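Student: Handing you this structure, nothing more for now.
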Amino acid sequence: MRSGRRDGTFSNASEPLKFLAPPTSNLSNLVASFVIKGLNTEDLVVLSGAHTIGRSHCSSFVSDRLNTPSDINGGLAAFLRGQCPADATPGGNDPTVMQDVVTPNKLDRQYYKNVLSHTVLFTSDAALMTSVETARMVVENAKIPGWWKDRFEKAMVKMAGIEVKTGHQGQIRKNCRAINHY
């Protein structure tokens, strides 16, 4: 990643949610949300691979993946029902679960294998199998060693170029996690 990038001088944890496609999104909504930011369908599929690490609140998937008919793997659904209350809501009883139960702490191509085996949490992840084009990309990322990693690096750099602050906008932080206080 390029260094010296300017960051905002105000942080609010809920602010990024306004710009992210919700986990309940279908493929056409996902593609549209990426195109608005200058990204394409391949970027969408490649950057979705980041779901191979991290945790998700149950409220992000219970209502549309567990409480209604979906293509989620029956074994995963049973496991998740044991972890997540059926009425999980943000701010309420809303535990978290790993997004990738196979290699939860490793940034790897396992996510795509999970998409193929219907062991993903979000509707937006499962949506990648709803078109011939994106399904082909999922298969390539799952099966060809190194394929996803190379594309992920390029897509991250491309994404870092979105809405870059220039001139007097923002600041170059001394610590990337904290706003500089002068």
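Note: Cβ is positioned from N, Cα and C throughout, glycine not excepted.
The shown structure was predicted, so the numbers you read here are calculated from the model rather than taken from an experiment.
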Student: What does TrEMBL give as the disulfide partner of CYS58, choosing from CYS84, CYS176?
Tutor: CYS84
Student: Determine, for the Ca(2+) site, the additional residues of the same chain whose CB lies within 8 Å of the mean position of the CB atoms of THR52, ASP100, THR103, ASP108; present them in sequence order.
Tutor: ILE53, VAL102, PRO104, LYS106, LEU107, ARG109, GLN110, TYR111, ASN114
Student: Give the sequence-ordered list of residues that share a chain with ASP108 (Ca(2+) binding site), lie 6 or more positions from it, and have CB atoms under 8 Å from its CB.
Tutor: THR52
Student: Enter the number of other CB atoms within 10 angstroms of the CB of CYS84 (disulfide bond).
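Tutor: There are 24 such Cβ atoms around CYS84 (disulfide bond).
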Student: Is it possible to get the count of other C-beta atoms within 10 angstroms of the C-beta of ASP100 (Ca(2+) binding site)?
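Tutor: Its Cβ shell of radius 10 Å holds 22 other Cβ atoms.
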